[in-house]
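Student: Have a look at this one before I ask anything.
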């Protein structure tokens, strides 16, 4: 077909020439055809603004033309088609199926998966990506760091010191004091900015992982999973309940599809999708019910969703609850530091102006009426800079940085351990979890379904391999299995075994039907017409379908498939192999229920098939599929073994004080059997109160539910509402609840829980978006790994708090006491800034990257209100701070006589000893309670590397940067003395850990953390 009209006047020259050639060709073809046939048809087609003539060409001659795809597609009209829900434009294209042909898409086989063909579509219509808002660069982080008021004051003091120094001593000698402070400040800020910049990039990378959704498309006749970013115009996308619609498109076929368009329209009501009334599917919306195929018409920035997302800046600065508590702690410590710095400033100023300070030659620094203004200003600036530096050291800026580092590190490592963190707060909250409510299928089990038993009435297929079944019954079973399914079978000409796609349950049933029942799925589909579908519902636990035969008889049946005891309750008779019908009376029902219970007791998932023949009259009367008076076709038992290691994982949770509750849709017998296999239930325990059905739990009074909930370990035949009710009840009891979920209906429970854990393989996109963490391998062992990492985050922060507060207390006390008693402080501004760098950035890097250890699972969960600073931490840090203060004050007042050195060497020994004390104390901080502080140190290469780098830099500071750091060289005896002083912190730490502490939290009295 060729369309000639004014819309093409603006095309490039090449296309105009092609159109001229084609027009000429049509005239010639028309004249030839007119002589022999009058079959050529002229058909007017109305477009939005122009009139066209469409001429059908003889296909046999079309090979003479160079094929140029998508020439007949107005890309702007196509892009607006779904956005505007424009039926006129859709009818102009001839409907969805004609548009598919124009886009060179086969309705059943999709598009070609050839890379060249895909790239051609990308070139023509664009890729399914959107422009992202610009992210913060390195300079932004550097500028933010410079905005700190204390840093600005310090730099101002450095600038004044620099100007006075140059004026007094000349450029060659006068720049050292002020210049050293500037260099030290810039170094501290640069390291901090680099660290924050790297972590922000890491968070963005992990955030991008969240948006990389897998979608199912049909290409080359088979379903395949691709990234959402690789979807192109013309793709046929398979959609099911819970899926995120990846692009704008049109409904091709399917059943009972309902879509939540609230993300685009703000309307909360679900919208029904069908071929005639509303075939438009918007990118960014979610499928809430049903399934079907969609033709993609526009992608990426051509969609409203893409345009909206490109204007949204990703928030990588989410503040977690722990960071909020640390900011509060930082503020409290900062106020204490500010007060001490103010006292030091006052004392030093008073001593200076009263003539109680002396220069290096022993002369008074200030003599009233004799000291000039330059000297006075220089001294005042030096004192102010020192006071401000004390504030810089006192304020633990490293605490928020430590949280950022440990969260970034743990998120990266958790990704390697099959867990994708969607919300930062979940990392730390998981460490406080007291209860985990877990699904059974795919989480505790392998999700490798296999049909192991089939019962026709009361006869087992397993026992009678050569069981002969009536052809009529066989045909009904084939319909029930082959048609009433959301799975698909693709038979490739090059492959012997068919490819089966769908959920593990659907795949297992189809595999069994093909191999054991010899069902030809394609023949069954061709022989029957699907009239109506009720998709599987996790509340009703069944799916139904109205099927009409294409044979001359045109019989109509309704088929149901679902939980065995629920389907059985809908049946009034059952087939035997001869095709006879047996009524289900009380005794028969009891025997059939015994069969179901027997399969469940063998840990099998029991699924039943049933059907009912409908008359024309009953079809007209019923609006919903009949679900009474059915005929039972048979039971199927599916085996899904427990995952290896799940029993040990459950036991480790119990040891860690975390209760495991299994919530499943299976019947109570299957649930009990699996729970025993997994170790959730113990055979020697009272199981009567430990297992409950969802309906029973739902019907408890609130008081009864709260009384029994702690003892309930297994909930069978549960609905999503029951799971939500369980989570709400546990939270009312003060529990910190983590819950796993994979279905769309699990979204409320996932949102309600303190930590929502969705499944990466079986989980729907709705469930994933409602969760905090995605378990990529659907494995319960990965849930336990998340629990370990959550606790590791919390304890790493506590380690760093202990380390940093030790330095804070020691630095503040030493400077304050020295200033009050002698009018001078042993540590200069540059030296304090170097200590600040070790303490804040390097210390955070070293301690925040410790990996989780097994001993974390020996501890009880951390309570919601438990202070960050425990009595154990107070004991450790006060002992170390007291030791450091005592030793360094002795050196301050007696150091010169002990070592026989001058004041500058003594100050260098104090500085060196203080820094080395922090290095040695970093090892103590690795273990808050354990006495062996070197356990597992070989696994943390970063810790060893940072300690090594700090030692090298300290040697350089002392031995080579004399003017910069205001130090003197030390001999080997003095170095040995400094190392000995610092090393004594190890045995002191060991002895202190022998001292028992009370359970009452000291920090709660001071409102710390």
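Just so it is clear, glycine is given a Cβ too, placed from its N, Cα and C backbone atoms.
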Student: Of 302-328, 356-382, 383-409, 410-436, which range does TrEMBL call transmembrane segment?
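Tutor: My reading of TrEMBL: the transmembrane segment range is 383-409.
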Student: TrEMBL lists transmembrane segment for one of the ranges 98-117, 118-137, 178-197, 198-217; which is that range?
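Tutor: Per TrEMBL, the stretch marked transmembrane segment is 178-197.
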Student: Checking feature assignment: transmembrane segment per TrEMBL, candidates 767-785, 786-804, 805-823. Which range matches?
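Tutor: Of 767-785, 786-804, 805-823, TrEMBL gives transmembrane segment for 805-823.
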Student: With Cβ distances under 8 Å as the criterion, find the stretch in 178-197, 805-823, 974-992 that has the most pairs with the transmembrane segment (829-848).
Tutor: 178-197
Student: Can you tell me which parts of the same chain pack against the transmembrane segment (178-197), counting only residues 6+ beyond its ends and a CB-CB cutoff under 8 A?
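Tutor: Answer is 136-138, 141-142, 144-146, 151, 154-155, 157-165, 385, 397, 401, 404-405, 829-830, 833-834, 836-837, 840-842, 844-845, 963-966.
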Student: Go through the chain and flag residues at least 6 beyond the ends of the transmembrane segment (332-353) whose CB is under 8 A from any CB in it; none is fine as an answer.
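Tutor: Residues 365-366, 379-380, 383-384, 386-388, 390-391, 393-396, 805, 808, 812, 815-816, 819-820, 823-825, 1006-1008 contact the transmembrane segment (332-353) from elsewhere in the chain.
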Student: Are there residues at least 6 beyond the ends of the transmembrane segment (805-823) whose Cβ is under 8 Å from a Cβ of it, and what are they?
Tutor: 333, 336-337, 340, 343-344, 347-348, 351-352, 356-357, 390, 393-394, 396, 832, 835, 839, 869, 873, 876-878, 880-881, 884-885, 888-889, 892-893, 914, 917-918, 921, 925
Student: Any idea what the model's mean pLDDT is for the domain 'Cation-transporting P-type ATPase C-terminal' (825-994)?
Tutor: 87
Student: For the domain 'P-type ATPase A' (212-312), DSSP counts of helix, strand and coil?
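Tutor: Summed over the domain 'P-type ATPase A' (212-312), the classes give 17 helix, 50 strand, 34 coil.
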